[in-house]
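Asker: Attaching a single structure in structure tokens format; questions to follow.
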């Protein structure tokens, strides 16, 4: 970020982060911390140096933005992570817990006792509490809820009642509401009395006496218009609004399309109940694309890169086990053609080419489709057209690349028939890959699943078994007269 | 979005989008448009109905937000896309061109003549022009630049001089600057004189007489503080700032961490030269994760799902060709063991299991690493630790799943030796997959490439050739006495 050459620019949070990272690296504090239990005289001396370093580190850490502390914690292995976590001032625990990734948060919470957890959670808003609650011990949650006032408790309960992919789970309650029949001057005076505005307040929400949303007053308009004007003359009466049970990903797309910073959430009667802000949306977009990548590779969830071997195993087993079954099925297909392979061992060498290229091409198709579905570009109307296109691409790829490898096979094994079988098998398997590459994600979506879920394992299963069957079948038919 | 049940909430842009999509589907306008060239008497009658529909569609389209028109254009096949594009009012062309994806933008620009392009571009800001310029015909760009005033031309040139992954290419010039020695009252009056504030103005930039940034005045503070106060007393003097040659992805991470809406861009002397806004950052985050997904699958770029077969082929050929070479290499490895396979045809059936599971597991590892690198969680200090963990996971997976398949192979082919070779080969290939899964993205990153580039093809190449070599090698050694 702003490096040392930029002396004249004010020192921002990034500079402070760079300093701490530098400190961690320069003093090899990370390594010191790891080896601190190793005994001996030398260790004592080192530990004195070490304690000084720790004090400096602690001071620097407390100057950092909570998100930066979170980032440092995420990048540290388990043991060092907890050491740094203990250095952080207790009153900042809550802010930092809200910033770290789920996997890392779990390790930090496990390290805190109930008392510390309660203290950290007491500073939080209703929406923040709802984010954290599912991961807290049950008795801590109970005690927390008891300590809240009625409105807050209701808000936490309501936020918890939505699925994590619904707008209701993302909304917060930091709203400034005004009436439409007052002048901008009155609004300006009202804001001054508030002393502080909630984060990401780019518009004020105009409601009637029943709390029904009448429109929004963008701060921009408040600032440039004559203070004598009425709110109702200046406000926008057709704002983008959301319902709490709406799909959060669709809300994210609306934020992107309309370049929103904040937006009101209303219930079925149009009553204002909360708001969405861009920071939550950005996190959601990030998570969405992450889960797409993870799901395609057959990983169940995001994995803390320093997670224990055991946790990683659990995360990866499901799809590996499925892959085992599909690989075994492909193996049985080959088993059916044992005789043919015994008579012409070249088949064994050539068959993985057919399967492999089919898998790769299928993965390309599936990636395209999953992306188009995520962007909502696929309706039932254009599926057929898309399928035609993918089949066209596969046909040409099959004839051309199959042709290349067919000629090579011909020359290598001195059999033009074998070459021709290779071309035909490649082309057919690529067509199969295209067909299933379109069908698999669409079927998953129809079943209400994530279209990317294990897509890579599934397409490979089809192109492997299919490739072996097509190639060995054609070879048996045409070569084994 | 806000569905019909929400009668009381004001009608937002989403509702209007839903109406147009509905219109397109209900009247099957899309299909009408496709078949309009088919002749005959019936076509004439239909064309009358059709013309009415078109008029209604045009009216609705012109009420839509430009981003929504863009979305509709993206979801339509080529021919229908151009029909809708011609229905859109000329003065909105520019806004819509800026919203569509690169692939679709190209098809739209190809459909416009120089005159239309010039008219569309004339409405744009310097940063918008710079976004569009690389895709416009050279003489249109030349004429455009001639028509700009000195400052604007300088801004376009400067924006064009940065790579698309640098902050300079993303920044815009819609800034409101103020002095630090005035009162908030003066600032408020100044804003009122501006009549309109640039989008995403959540802070004003405080500069001295040389244009050097002294701090920022968040609008929130401007609103809640006493108007008598001086800017210098209220402003934040340590804002997050960026340099134009900084990595845009790092800037995006800073926006996420610090929940920014806008942020000043300064040169090496601290002089304010532009600003970054969250809307550009959201687009960048989306693009970044997209290119990660595409690169892993070996696709060169985002593909308009209705792109021509020819364009799709070009997009996918590079990695398919590489895959062909690697598949051929794997085939040659098998060729080396022709004798062994002839003697024990079970080897041909079992070898794809070893290769396939290795490929799947390697893909999981590589996905994890690419993600951790994207989030900046991988330093040189923790590579070894990570490698140890991945190798541990692979060892356990190999022994357990290898054990399962080994027992099956034993029972199936009645040879405990074959089973044992299977376990050993699975374990070794999974270890190879873990090792290369860590090594490949790290090496790519060291070479300054995208760590996800063709990662899937590369890891599969290694686990295929490696798997065949390990399995057939062990089998020859232990089974062919």
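Here the Cβ of each residue, glycine as well, is placed from N, Cα and C on the backbone.
All annotation found in TrEMBL is predicted automatically rather than curated by experts.
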Asker: Pick from B:289-312, B:457-480: which range does TrEMBL record as transmembrane segment?
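Answerer: Residues B:457-480 are the ones TrEMBL records as transmembrane segment.
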Asker: Per DSSP, what is the residue tally for the domain 'CBS' (B:235-291) in helix, strand and coil?
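Answerer: Result for the domain 'CBS' (B:235-291), in helix, strand, coil order: 25 helix, 15 strand, 17 coil.
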Asker: Mind checking how the domain 'CBS' (B:171-234) divides into helix, strand and coil residues in DSSP?
Answerer: 21 helix, 17 strand, 26 coil
Asker: Determine the mean pLDDT over the domain 'CBS' (B:235-291), rounding to the nearest whole number.
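Answerer: In the predicted model, the domain 'CBS' (B:235-291) has a mean pLDDT of 90.
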